[in-house]
Amino acid sequence: MVPRNFSESQLRPEPERAPSNSTKISYRSHSSSFEADDERSSSADHDSMGPDIGSAHRDVPAQYAGEDTRLTSRKELSGWYAYGFAAEVFVICGIGSFIPITLEQLARENGVLLSDPTQPCGSSSTHLPPGLHPGSAKDSQCVIYLGGLQINTASFAMYSFSLSVLFQAILVVSISCAADHGNYRKRLLLFFAFAGSITTMLFLTVVPKVYLLGALWAIISNTCFGASFVLLNSFLPLLVRHHPKAQYGTPDFSPEFRPSSVDESPPEHSLNEPEVAVYDERSALLAHNRISSQASDVAEPFPLSKDSTSIELQLSTQISSTGIGIGYSAGLFLQCVSIVIIWLLNGTTFSLRLVLFFIGLWWFLFTIPAALWLRPRPGPPLPHTGGENSKGSRSWLAYTIYAWSSLFRTVKLARRLKDITFFLAAWFLLSDAIATVSGTAVLYAKTQLRMAPEALGLINVIATTAGVLGAFSWAAISRTLNLKPHQTILACICIFEMIPLYGLLGFLPIVKRWNVVGLQQPWEMYPLGFVYGFVLGGLSSYCRSLFGELIPPGSEAAFYALYAITDKGSSVFGPAIVGAIVDRTGEIRPAFWFLAVLVGLPAPLIYFVNVERGKKEGAKLAEIIEGFKIKDAESAGEGSRGSSIDHESGQNEGLIYPRVGENAGRGRNDI
């Protein structure tokens with residue numbers, strides 16, 4: 001927090017852009033009743049957050065009514081980070097740890113032994129005697145009967161997760177258009193955040209007799225979480241595009257700077273003049289002091305130099321990694337609190353439900369800062385529907401229909417993009433592996449290794465700590481080894497493959513005789529938890545930022561919806577297949593064969609991803625989509641108006657792409 005000690009008359013001049021032809025013309029939005037009051041006026045620039053380059057107003061022609069292209073502010077970035085701090089605890093502590101074991105425990109208290117249907121199962125800590133080899137535990141498996149089907153209690157949790165992912169995928173597609181067009185991006189984010197957090201708190205009301213209600217709350221909360229994070233991800237390219245470092249060009253974040261001047265002629269400097277404070281990846285977006293009272297608060301770089309990796313990709317990776325690290329830190333803290341609660345209450349089912357209540361409460365409370373600080377960043381009006389004149393159910397029906405039709409069209413066009421196709425195919429498999437390995441490991445530790453809930457929570461603490469370390473370390477590792485983003489992802493995959501392969505060692509007769517190694521002892525889960533977390537910290541940030549670099553500009557939410565469908569949609573299959581394997585064999589260990597294949601398959605696909613080629617193909621795709629939009633506008637009787645808008649401002653009904661003639665020989669500088 002920086003104290004404000006200067007008046008309105010001391011406002012710094014508007015920053016002068018460095019000569020660069022790679023960024024878009026933009027202007028300050030005066031719209032959105034949904035953004036915080038302190039983000040709507042010039043006086044807001046003097047808040048407690050300190051002087052902020054992100055508040056600079058740029059009075060240039062608008063590309064569509066209500067567009068907000070103010071520079072990204074420190075407060076806005078804080079809002080983006082705040083939601084990660086709020087919601088990551090759900091996926092780390094909830095989905096990644098306590099929701100699966102709570103569902104399994106609730107089902108177990110209503111189940112019977114597979115070997116003796118007249119015998120109730122009891123708790124998971126009593127059904128398998130100490131020292132009993134997991135391979136001989138088939139007769140001790142617990143099952144429930146649901147709709148005439150016999151389901152293993154571990155499979156019940158996996159099936160619940162698969163079902164939640166299915167609904168999540170459908171919802172993500174349906175809301176993608178509302179996020180891309182109009183002023184719904186932030187509203188939907190907050191709606192799903194509060195709905196998901198409240199549903200998570202409702203786990204406190206679930207008792208064993210109504211264990212199916214627990215599955216319902218899990219489905220709703222996970223669906224809301226996934227939808228909210230898709231909306232959060234759609235903010236990332238916009239935050240990067242309008243970030244001062246991207247707009248004013250600071251390659252490698254270590255450029256030479258010159259003070260901006262109100263005069264168009266370059267200022268003359270003396271060698272003994274004090275330097276102007278500059279921004280780098282280690283400094284806040286706000287200057288905490290003024291090196292010279294004569295210098296402007298805003299520093300302007302020299303023209304951009306060519307770099308093998310774009311400024312946007314570096315910045316996107318930095319912001320994404322920081323967000324992941326902040327979220328993991330929150331998850332780590334709450335996980336430790338949860339372990340204490342479970343230990344104090346002796347690991348009862350009530351203690352698990354109480355922990356889930358606190359997870360939902362955390363999610364709810366820390367969403368409030370995001371609601372206050374995050375700007376809506378509205379998109380253009382929805383084409384052919386009358387824009388804001390369409391209201392109520394008809395408006396939402398139009399958004400939903402348009403979203404699905406746009407998805408099918410986007411999929412058809414995306415097939416022409418070689419690198420996006422490679423990446424999405426790899427991400428389909430990789431994200432499924434990430435989700436399935438996590439759930440399978442937790443349930444294996446609970447049912448096969450008889451680990452208590454607090455011990456399972458400790459595994460997650462280790463994984464989360466490693467995730468924080470990985471989120472901040474992989475960037476340094478990548479720089480040290482001079483790895484490209486896709487090579488960093490490949491390194492993560494190779495390490496990730498160690499987890500299922502280690503579990504498969506338990507099938508070797510010689511290893512079985514050792515009664516250790518190959519996940520035969522509970523302590524073995526802890527080092528594997530570290531490996532999982534460290535790898536996930538790198539994959540989460542690098543995959544998200546790499547895909548952001550390939551997205552055609554102006555359609556972020558739609559393409560991130562496709563990213564999320566590929567991500568969450570794939571997770572319908574992995575847990576369901578593992579559940580089927582468990583139901584068939586009575587054990588979880590055979591599922592490691594499936595996981596080993598699932599983790600390894602994405603590697604060759606990621607290997608062929610080329611970012612620079614993908615960016616060029618994205619520019620071509622932009623022109624193709626633009627042609628579709630013009631054709632649709634003409635067929636709706638709006639051809640003349642659409643052509644006028646297109647020629648005058650380069651905007652075409654919500655998809656903003658470079659004009660072919662204007663951008664010949666120009667590299668794209670936004671993601």
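The backbone N, Cα and C atoms fix where each Cβ goes, glycine too.
Features as listed in Swiss-Prot:
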- 1-10: compositional bias 'Polar residues' (COMPBIAS)
- 19-34: compositional bias 'Polar residues' (COMPBIAS)
- 39-60: compositional bias 'Basic and acidic residues' (COMPBIAS)
- Asn5: N-linked glycosylation site (CARBOHYD)
- Asn21: N-linked glycosylation site (CARBOHYD)
- Asn346: N-linked glycosylation site (CARBOHYD)
- 1-67: region 'Disordered' (REGION)
- 251-271: region 'Disordered' (REGION)
- 634-671: region 'Disordered' (REGION)
- 83-103: transmembrane segment (TRANSMEM)
- 155-175: transmembrane segment (TRANSMEM)
- 188-208: transmembrane segment (TRANSMEM)
- 212-232: transmembrane segment (TRANSMEM)
- 324-344: transmembrane segment (TRANSMEM)
- 354-374: transmembrane segment (TRANSMEM)
- 422-442: transmembrane segment (TRANSMEM)
- 457-477: transmembrane segment (TRANSMEM)
- 491-511: transmembrane segment (TRANSMEM)
- 523-543: transmembrane segment (TRANSMEM)
- 560-582: transmembrane segment (TRANSMEM)
- 591-611: transmembrane segment (TRANSMEM)
Let me check the 10 A CB neighbour count of Asn346 (N-linked glycosylation site). How many other CB atoms are there?
11
Checking distant contacts: for the transmembrane segment (591-611), what same-chain residues at least six beyond its ends satisfy Cβ-Cβ under 8 A?
309, 313, 418-419, 422-423, 425-427, 429-430, 432-433, 436-437, 440, 484-486, 489-490, 493-494, 496-497, 499-501, 503-504, 546, 549-550, 574, 577-578, 581-582
Are the transmembrane segment (354-374) and the transmembrane segment (188-208) close enough that 3 or more Cβ pairs fall under 8 Å, when only pairs 6 or more apart in sequence count?
yes
